[in-house]
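**Student:** Got a structure for you, written out below as structure tokens; questions coming shortly.
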Amino acid sequence: MADEPLILGIETSCDETGVGIVRGHTLLADALASSVEEHARFGGVVPEVASRAHLEAIVPTMDRALTEAGVTLADIDAIAVTSGPGLAGALLVGVAAAKGYALAAEKPVYGVNHLAAHVAVDTLEHGPLPEPAIALLVSGGHSSLLLVDDLARGVTPLGATIDDAAGEAFDKVARLLGLPFPGGPPIDREARAGDAAAIAFPRGLTAAKDLAAHRYDFSFSGLKTAVARWVEARQRAGEPVPVADVSASFQEAVCDVLTSKALAACRAQGIETLVIGGGVAANSRLRAMAEQRAEKYGIQVRVPRPKLCTDNGAMVAALGSHLVAAGVAPSRLDLPADSALPLTTVSV
Ligand code: KG4
Ligand code: ZN
């Protein structure tokens with residue numbers, strides 16, 4: 001609707017420079033510049049390389065977003081920016097840019113939480129999020145299960161990974177299978193030709209003795225080690241590694257744990273909506289398994305399209321739009337870039 005505020009969002013917490021523009025729940029522009037290829041040969045994101053790439057990309061990406069939306073900075077009602085969590089130097093570029101644009105154009109600025117933005121982005125595809133909802137956030141840096149009572153003011157963490165993040169597990173397993181970085185997409189692709197039941201990999205923190213203390217927590221480090229041992233044994237025996245079967249069996253183990261814990265949280269709390277966000281939410285098996293299992297319990301699964309699951313500026317704009325609509329006050333112009341911003345802080 002034309003009378004809804006026009007919100008611009010800036011994302012620079014990791015390796016994607018994103019600028020998105022939304023009006024209400026309508027996405028008008030989603031410009032992205034990625035430094036992922038510069039990190040590929042290191043097998044992980046190199047913070048200094050990411051910061052420099054953001055510095056080079058931020059102004060052109062901003063210009064592209066404004067052109068794509070057919071608006072000027074003067075038309076924007078508020079600017080939202082990822083304040084944290086993320087890489088300190090990378091966050092700083094986005095936060096400094098947001099402050100500069102806000103000051104120059106006399107616009108309010110909202111420093112927001114990257115993880116809450118991964119939840120909010122779903123509203124661009126599926127409309128307002130029913131509250132309360134359960135959110136499963138799975139990315140390269142985080143794996144959390146949250147109770148979302150009021151996305152504008154706070155979320156309640158139910159559980160999180162106690163070691164590796166889900167995306168990190170995909171990246172590490174891909175590396176030992178000789179697949180490129182980031183590992184999620186190639187494993188997803190390989191797995192389509194593999195047998196998910198070929199190898200029985202462990203499901204972390206699902207045994208009765210672990211559930212007492214870690215009902216909604218995750219652990220992927222044991223799974224990663226199990227895959228490494230299995231692959232090494234094959235190599236020692238001089239046998240070829242069946243990459244498709246290992247990929248499918250590993251992916252099945254991750255998706256099994258993620259969906260069973262997320263749906264257990266929904267059922268225990270009597271909640272009918274599960275929203276899944278973060279880069280790993282782009283995984284085709286996770287999406288299919290969540291929907292299939294949720295149907296039995298009458299739980300609705302909301303997962304945005306893959307391009308909105310991985311880091312982007314639109315998600316930050318979507319959360320900014322939600323905050324403005326909820327009447328939340330903007331941040332001060334000295335808002336911080338906080339690499340360790342707690343999950344419970346939606347805006348600073
Ligand atoms: O949300 P995101 O773009 O950045 C972070 O905030 O970390 O997530 C990146 C992570 C990477 O670990 C990547 O391997 C994973 O998301 N990922 C996937 C898929 N696409 C991206 N994991 C599994 N399947 C995919 N299709
Ligand atoms: Zn992310």
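Backbone N, Cα and C atoms are what each Cβ position is placed from, and that goes for glycine too.
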**Student:** Looking at Fe cation binding as recorded in TrEMBL, which candidate out of ASP256, ASP311 goes with HIS114, HIS118?
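**Tutor:** Matched candidate out of ASP256, ASP311, per TrEMBL for Fe cation with HIS114, HIS118: ASP311.
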**Student:** Which single residue out of ASP149, ASP150, ASP171 does TrEMBL record at the substrate site shared with LEU137, VAL138, SER139, GLY140, GLY141, GLY184, ASP188, ASN283?
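**Tutor:** TrEMBL lists LEU137, VAL138, SER139, GLY140, GLY141, GLY184, ASP188, ASN283 binding substrate, and from ASP149, ASP150, ASP171 it also lists ASP171.
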**Student:** Given the binding-site residues GLY141, GLY184, ASN283, return the subset with CB under 6 A from an atom of ligand 2, ordered by sequence, or none if empty.
**Tutor:** none
**Student:** Which one, from the binding-site residues GLY141, GLY184, has the smallest tally of other C-beta atoms lying within 10 Å of its C-beta?
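**Tutor:** Ranked by other Cβ atoms within 10 Å, the binding-site residues GLY141, GLY184 bottom out at GLY141.
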**Student:** Find the one among the binding-site residues HIS114, HIS118, ASP311 whose C-alpha lies closest to that of GLY184 (substrate binding site).
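**Tutor:** For GLY184 (substrate binding site), the spatially nearest of the binding-site residues is ASP311.
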**Student:** Taking the center of the Cβ atoms of HIS114, HIS118, ASP311 at the recorded Fe cation site, which other residues in this chain have a Cβ no more than 8 Å from that point?
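**Tutor:** Residues close to the Fe cation site, other than HIS114, HIS118, ASP311: GLU11, SER13, CYS14, THR82, LEU115, ALA117, SER139, GLY277, GLY278, ASN312, MET315, VAL316.
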**Student:** How many Å lie between the Cα of HIS114 (Fe cation binding site) and the Cα of SER139 (substrate binding site)?
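**Tutor:** Here the two Cα atoms lie 11 Å apart.
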